[in-house]
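For reference, Swiss-Prot has these:
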- Y140: active site, proton donor (ACT_SITE)
- Y27, E28, E92, H126, F127, L128, E152: substrate binding site (BINDING)
- 94-96, 102-107, 133-136, 140-143: acetyl-CoA binding site (BINDING)
- 4-170: domain 'N-acetyltransferase' (DOMAIN)
Amino acid sequence: MAKFKIRPATASDCSDILRLIKELAKYEYMEDQVILTEKDLQEDGFGEHPFYHCLVAEVPKEHWTPEGHSIVGFAMYYFTYDPWIGKLLYLEDFFVMSDYRGFGIGSEILKNLSQVAMKCRCSSMHFLVAEWNEPSINFYKRRGASDLSSEEGWRLFKIDKEYLLKMAAEE
């Protein structure tokens with residue numbers, strides 16, 4: 001399958017983006033944690049101040065999924081800032097449906113993301129990968145990615161909404 005196109009997502013792609021987010025979550029054994037809705041995606045990514053950007057991989061009709069989907073992959077990203085090195089492209093989610101892997105779709109998405117990062121003068125692209133996800137780790141390493149958790153010893157933390165509310169209310 002040589003025919004596919006990578007393009008910026010539009011608001012009308014949100015149902016497909018949500019479908020792929022859920023497929024990725026299932027692949028990562030976390031499908032019960034997706035609480036986002038299609039409406040959230042539309043408001044958060046396509047409003048006046050988008051919180052994320054998204055690329056989608058679209059195949060022609062002859063390669064649609066058995067369920068009739070033309071969108072078979074996506075990458076959700078946003079820009080952030082590191083006071084040591086400057087602008088970063090943060091890759092939040094990246095997924096290609098299993099039946100469509102091995103055709104260069106993921107590589108082309110990553111190429112497009114790299115072009116976006118260079119156009120915006122980003123110093124690097126950051127992302128997380130589950131420790132058990134060797135295929136993805138190898139995919140990224142083949143393209144020059146370094147594992148900061150082992151090289152620099154960083155740990156990822158989060159503060160849930162419950163605690164954010166508590167801290168915000170403190171006097």
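Heads up, the Cβ atoms here are built off N, Cα and C, so glycines get one too.
Around the Cβ of E28 (substrate binding site), the number of neighbouring Cβ atoms within 10 Å comes to 15. Spread of the substrate binding residues is 28 Å (greatest Cα-Cα distance among Y27, E28, E92, H126, F127, L128, E152).
Nearest by CA distance to E152 (substrate binding site), out of the recorded positions F94, G102, S136, Y140, is Y140. Using a 10 Å Cα-Cα cut-off from N133 (acetyl-CoA binding site), the recorded positions that qualify among E28, H126, F127, Y140 are E28.
Around Y140 (active site, proton donor), the C-beta neighbours below 8 angstroms that are at least 6 residues distant in the chain are F127, V129.
One residue stands out among the binding-site residues I105, L128 for having the most other Cβ atoms within 10 Å of its Cβ: I105. Here the CA atom of I105 (acetyl-CoA binding site) lies 18 Å from the CA atom of Y27 (substrate binding site). DSSP gives E28 (substrate binding site) a coil state; it is part of no helix or strand. Taken residue by residue with DSSP, I105 (acetyl-CoA binding site) is part of a helix. The closest partner of E92 (substrate binding site) among the binding-site residues, by CA position, is S136; the full candidate set was G102, I105, S136, R142.
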